[in-house]
Amino acid sequence: MSTPAVPVGIIPPRPAWRSLRWIAPLTLLWIAVMYWLPVIPGSGLQTTAHQLVAQMFMAVGLWLGLERTGLPLSQRRATWLVILMAHALWFAVVWSAAIHGVFRLSAVPPLLPLLPLAIFLPVIVGAPLLLLSKRVGQVLDAMPAAWLIALQFYRVFGSWAIAAWLHGAMAGVDALPAGTGDLLTGLFAVPAAIAVASGTAQGRKTAIAWNIFGLADFAVAVTLGMITAPGRFQLIAPDMPSLNAGTYPYVLTPAFVVPGSILLHALSLRQVFRRRAA
């Protein structure tokens, strides 16, 4: 009796996995630093730093992708500016609301669930615009599929939640699923990017699986965050409250990083499926 074979399309090529040899130790070092220096996540430094770097790569990648489309310079410049200005305005609104305590949670919930609104509204508005835009489709067709995936390596920084749980500063019901999910999504971003860069069916399947896992991570984290945080959606009262939930700088993660990352997953899936259809 033969052993059923594992479908080869599910497993990235061996060289892709080798990237974990240096990514995994660096990530463990990061968690250790967060554990020994809890003042870092409390300052918001890591969120601000990795998002600034991510936005820089996003801006450069968008411009390089536009250059590959063959569009006239005026159209490339206009598209680049419109997308970046909309993104900067979105961040400015969220950041201003966060530092003024707009998302702060309390026993008496506001008339509008502002934090869930900040999470879902950008996705509801942005996803159709990005997924149906012909110009965005041109950029995705011209841009290497590995770029959008590798960009989300920053998700490993979400593992600070695990360090907070080890400190007893965050309930395990929130920290472990969210922190572990982000950690794994970030860890496997580089292997998935290397796999999809091969241009094979196996690489495309790996990219699709990685995107689905990343979206599932957010579905679990957002759901648990909503049902454990004080407010109208609370169903579970954890032993300890979430780490300053709703306050700056922690709230920047659910209010900005989460919806932004969801949109990146959506764009990556559109790109991969367009390549397969072609």
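Any Cβ shown, glycine's included, is placed from N, Cα and C.
Residues or ranges marked as transmembrane segment by TrEMBL: 20-37 (among others). Among residues of the same chain six or more beyond the transmembrane segment (20-37), those with a C-beta under 8 A of the stretch's C-beta atoms are 46, 153, 156-157, 159-160, 162-164, 166-167, 183, 186-188, 190-191.
Here TrEMBL flags 49-66 (among others) as transmembrane segment. For the transmembrane segment (49-66), same-chain residues at least 6 beyond its ends with a Cβ under 8 Å from one of its own Cβ atoms are 76, 79-80, 83-84, 87, 91, 139-140, 142-143, 147, 151, 154, 157, 252, 256-257.
As annotated by TrEMBL, transmembrane segment applies to 78-99 (among others).
The transmembrane segment annotation in TrEMBL covers 111-132 (among others).
According to TrEMBL, the feature transmembrane segment maps to 144-163 (among others).
Per TrEMBL, transmembrane segment is recorded for 183-201 (among others).
The feature transmembrane segment is assigned by TrEMBL to 208-227 (among others). Same-chain residues lying 6+ beyond the ends of the transmembrane segment (208-227) with a Cβ under 8 Å from its Cβ atoms: 10, 116, 119, 149, 152, 155, 173-174, 177-178, 181-182, 184-185, 188-189, 192, 233-236, 242, 245, 254, 258, 261-262, 265, 268-269, 272-273.
According to TrEMBL, the transmembrane segment annotation covers 247-267 (among others).
Counting Cβ pairs closer than 8 Å to the transmembrane segment (247-267), the top stretch among 78-99, 111-132, 144-163, 183-201 is 111-132. Counting residues 6+ beyond its ends, the transmembrane segment (144-163) has Cβ neighbours under 8 Å at 23, 27, 30-32, 34-35, 38, 40-41, 46-47, 50-51, 53-54, 57-58, 61, 65, 170, 174-176, 178-183, 185-187, 189-190, 192-194, 196-197, 204, 207, 210-211, 214, 243, 253, 261, 264-265, 267-268, 271-272, 275 in the same chain.
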